[in-house]
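Taking it in order: structure first as structure tokens, then the write-up.
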Amino acid sequence: MNSSLDFLILILMFGGTSSNSVKQTGQITVSEGASVTMNCTYTSTGYPTLFWYVEYPSKPLQLLQRETMENSKNFGGGNIKDKNSPIVKYSVQVSDSAVYYCLLG
């Protein structure tokens, strides 16, 4: 049985200045069992740390990943040096419905 899931990706900037910005994928609806890629691109004048957080309904924020120049190759699909860091969820379930945040620190 396929049911639709709503993923809401909010654009948010952490510790930002006018020279730092983050752009994320907007709201995404996918079928249960499908894969989804949530994109995060950024501009920064320095060497940032990029964070992905998730907020499930009625739950506090949870850290999904922390990415720096040193460890950016450890995460699938992205490279902080290329100023993008997508996150991929495979075989999405209804329980994955949440707000996903990409933050630049």
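Placed from the backbone N, Cα and C atoms, the Cβ positions cover glycine too.
As recorded in Swiss-Prot:
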DISULFID  CYS40-CYS102  disulfide bond
DOMAIN    20-105  domain 'Ig-like'
CARBOHYD  ASN39  N-linked glycosylation site
SIGNAL    1-19  signal peptide
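Feature map: annotations from Swiss-Prot on the structure.
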residue : record                      : Cβ neighbours (10 Å)
ASN39   : N-linked glycosylation site : 17
CYS40   : disulfide bond              : 25
CYS102  : disulfide bond              : 28
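CYS102 (disulfide bond) and the residue listed as 'N-linked glycosylation site' have their C-alpha atoms 9 Å apart, to the nearest angstrom. Across all of the domain 'Ig-like' (20-105), the predicted model scores a mean pLDDT of 83.
Under DSSP, the residues of the domain 'Ig-like' (20-105) split into helix, strand and coil as follows: 9 helix, 38 strand, 39 coil.
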